[in-house]
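What TrEMBL lists as domain 'Major facilitator superfamily (MFS) profile' is 1-422. For 31-50, 62-81, 87-108, 120-138, 150-171, 234-259, 271-293, 330-356, 368-388, 400-419, the entry in TrEMBL reads transmembrane segment.
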Amino acid sequence: MEDFLNKFFPGLLKRTARANKDVYCIYNNQALTAFTSSLYAFGMVGTLLASRVTRRLGRQAVMLIGGGLFLAGALVNAAAANIAMLIVGRMLLGLGLGFSGQATPVYLAEVSPPRWRGGFISAFPLFISVGYLVANLINYGTSRIPGWGWRLSLGLASVPAAVMVVGAAFIPDTPSSLVLRGKHDDARAALQRVRGKGVDIGPEFADILAAAENDRRNEEGAFRRILRREYRPYLVMAVAFPVFLNLTGVAVTAFFSPILFRTVGFESDAALMGAVILGLMNIGGILASGFAMDRYGRKLLFMIVPASQVAMASIIGSHLGNGSKMPKGYAVTVLVVALIFSASFSWSWGALYWTIPGEIYPVEVRSAGQGAAVALNLGLNFLQAQFFLAVLCCFKYGTFLFYASWLVVMTAFAVAFVPETKGVPLESMAHVFARHWYWGRFVKDHQKLGEEST
């Protein structure tokens, strides 16, 4: 939006108005990227704070706090009179993002039935994608409102935040969280409520009690405990998944998609509409993944990401080269390849990033594992958002080749080291890792993970 850029980033607006031979560098503005990346920096802080308090307050309370912070941030941004207010609003949004991202996947994993857990957890990235789509549609519409359209765009973020606050106030906390806080009667009632009247919850509730008892036997903190040898597989997953997710390049492709499409030759409105179409493809891929992962398993989906990044980099490199404007026909081809990449990513890593880390951790390290994974992801998002445009300016189409090369490594890791978890109860995940060809040397079938290793 030109009004937004003119108010907060006038230097960038002047640069885009001038003819520039190197189109890769038009949007390389550190103030703009700082505005974008501050969301992720404070999201990381929020995640680490949330993982510390979620055991004491519960998953429901943490989601309520996250929604409140996000609501406050949206209102501050809508009322921003200067860049300082804008950054404060982004900080509040980031803290809300961190609290919500830490608690929500764990909440979904702990209340969903094992048979359909993948579909339930995939609802989280699905609605993130819906949010991206709606945001791009709002930007497309409000860009036509002179003067205050950008305020409406930023302020409308308060609507989903308010829905989250109201919704979180009326849902029960998870049985596992209630048991960990000693509220056994409330935990049984919550489990019966989510499973339905007349369903025998005795065996499942007994498993939850046993897992909580294992947790109480060891007074070590969850973050210290996850560093122990018997929890090594979970620590590796907590680190590997966010690292690989960011090395797909999808975060920057999605977040900067209007800028990328303008770089390869689309006009402003066409670039925004391209981002909308990208969001639709992403939603379609996640919906398909939600149905497929509980029917065909998780591992199969990891193998479906095609070499779309290679194709996109090759087209951009051969026809945009070192900075000249790309012919319109090839720009359309880049859009098509980007859409294929978005759909294939959302079908695999996009949905599975939230599903597998959300379901594999034992209860005694669940808050630490999920907190570490989300915090690392947001930290890497911050680095990419802060430096992606500078890297694009420096390495040009080689940036996309860099991301493409990691797809091979990621697929090999998933095939070799990620066990199949389809239909496995949360309290039985240790047995899956114990039977794995590599992780079995760390986790043993007879081992109770809450006990001291011998």
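Note that Cβ sites are derived from N, Cα and C of the backbone, with glycine treated the same way.
Scored by C-beta pairs under 8 angstroms, the transmembrane segment (31-50) has its highest count with 87-108, from the stretches 62-81, 87-108, 150-171, 271-293, 368-388. Regional average pLDDT for the domain 'Major facilitator superfamily (MFS) profile' (1-422) in the model is 81. Three or more CB pairs closer than 8 A are found between the transmembrane segment (120-138) and the transmembrane segment (271-293), so contact between the two stretches is assigned (pairs 6 or more residues apart). When Cβ-Cβ distances below 8 Å are used as the criterion, the transmembrane segment (62-81) is approached by residues 8, 46, 50, 53-54, 88-104, 107, 151-152, 154-158, 160-162, 164-165, 168-169 of the same chain, each at least six residues removed from its ends. Only residues 6 or more beyond the boundaries of the transmembrane segment (271-293), in the same chain, are considered here, and those with a CB under 8 A from a CB of the stretch are 118-119, 122-123, 125-126, 129-130, 132-133, 136-137, 139-140, 143, 253-254, 257-259, 261-262, 300-301, 335, 338-340, 342-348, 350-352, 355, 422. Beyond the transmembrane segment (368-388), the same-chain residues lying 6 or more positions past its ends with a Cβ under 8 Å from any Cβ of the stretch are 33-34, 36-37, 39-41, 43-44, 47-48, 50-52, 54, 94, 97-98, 101-102, 105-106, 221-223, 225-226, 234-235, 237-239, 241-243, 245-246, 251-252, 255-256, 353, 357-358, 360-361, 399.
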